[in-house]
There are 2 protein chains.
Amino acid sequence: METEEKKILLVEDDPNFGTVLKDYLAMNDYEVTHAKNGMEGFEKFKKDDFDLCILDVMMPYKDGFTLAKEIRDKNEEIPIIFLTAKAMKEDVLKGYKVGADDYLNKPFDSEVLLMKIKAIMQRKATDSVADSKQFEFEIGKFHLNSKLRFLTYDNGEPQKLSPKENELLRLLALHENDLMPRELALTKIWRDDNYFTSRSMDVYIAKLRKYLKVDENVEILNIHGEGFRLVVKNEEKDED
Amino acid sequence: METEEKKILLVEDDPNFGTVLKDYLAMNDYEVTHAKNGMEGFEKFKKDDFDLCILDVMMPYKDGFTLAKEIRDKNEEIPIIFLTAKAMKEDVLKGYKVGADDYLNKPFDSEVLLMKIKAIMQRKATDSVADSKQFEFEIGKFHLNSKLRFLTYDNGEPQKLSPKENELLRLLALHENDLMPRELALTKIWRDDNYFTSRSMDVYIAKLRKYLKVDENVEILNIHGEGFRLVVKNEEKDED
DNA sequence: AAGTTCTGTTAACATTTGGTTAAACCCTCA
DNA sequence: TGAGGGTTTAACCAAATGTTAACAGAACTT
């Protein structure tokens, strides 16, 4: 497909470190835009189309988390990697529910960063071919249109779905009759995997079950500790 | 189609910088007209047919915003890129609601400018093939003539539409039964996407709904957080 | 069987987004 | 200069969405 360079937005206030990192990434065939602070970072973010953001957490005026939040508002998809001080604990980070794709403690091995970037890009790439562009599903007698966010039963009145309901059902449908791991939904939809997001997901499972219960051949089963399974009984290819 | 060079109007009062930029763009196969101030810029604008304007904001006598406004009066479509001082904040810029296609902080990377130009030209090109030249729509029993800006129901009395009403309904009609993203309308019609333009759009949606409510088979649905959808029920190809 | 962890469900709440109305604003043109 | 159409802004309310708490019940562990 496109062989053009991937664009990275690097927001790092330390000019030395920032420049070095930028050059290093550039050497590895990424097109890097370097912003010196959160403000500038956001401006640059809006003006271009990046494939990935690398944000320093500790920055004057606007820290990395705040910036990440603003970026998320504009773009739900874009991968974000945080550069953090070694001291910060996992839980502190999790507290900021921004949905990071990765954290890296400074100082870090540049090779590691490169690998992480590759991994994330890779994941996004395969994600999209496998997942996206697939907006419509037949689930028993249900029809899910996940672009317009509605669910119809037997061609009846469409039931509107909220974004989260929609995404969750779509993920289940993508794994129809198979395990849809909790973790998958949590990282993909909630972009975070902790107690609260997990409970939130359960709430959504309940909502979906309510919608689906008009068809007794369709149900969402729990696999304890693993995830959920959207099962469709009588899965005959109806040739009417 | 036309392989002829795109014409750019560059208005920049700094003679050195202006000349360098002009040459750089010329090297990249654009035909550049360089004006040294706002006054001259407007004169030149009127005398020729440009594909894009690049305006320095800070200029004596007539600043870039004022010039842009005059240009907009003459031409609603033409893309405008502003060159601004680094210091200016987003909000300051937003204040001047001229409808810029982009901002660039001076000093800037000339490559970036080039890419932006390409992107904008590209966008305009694809915009037009997809959208324009389509002025008439059947929407259920309604007929929209968006060139003459009126809407008739069942061949009855034509309802005059204001420019914004018209554009909005046209965009909805172009996406009939499908999602018309908020952002699309905002960038295309309002040339800006912020809280106020967004509220303004909602006001217009209300107006359109009022026009459309005489036909219960036609309605504008909201997809929360995404946009609107013009749905037409009983969409039977009427062969009467 | 008791204890722990995980899940189901409901309801309260906070937040964001949309709908509606009316007034303010801004042009243009007489 | 003031009347009128078009558009934006403000204000207020309603609807939609998402999170959290709380509690009950399953499922697993020991």
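Using the three backbone atoms N, Cα and C, a Cβ is placed for every residue, glycine included.
Given the structure is predicted, the values throughout are model-derived calculations rather than measurements.
For B:134-232, the entry in TrEMBL reads DNA-binding region. Among the features that TrEMBL reports, domain 'Response regulatory' is placed at B:7-121. The domain 'OmpR/PhoB-type' annotation in TrEMBL covers B:134-232. Annotation source TrEMBL lists 4-aspartylphosphate at B:Asp56.
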> In DSSP terms, helix, strand or coil for B:Asp56 (4-aspartylphosphate)?
Replying inline: strand
> Around B:Asp56 (4-aspartylphosphate), which residues of its chain at least 6 apart sit with Cβ under 8 Å of its Cβ?
Replying inline: B:Val11, B:Glu12, B:Asp13, B:Asp14, B:Gly64, B:Phe82, B:Leu83
> Where DSSP helix means H, G or I and strand means E or B, what are the helix, strand and coil counts for the DNA-binding region (B:134-232)?
Replying inline: 39 helix, 29 strand, 31 coil
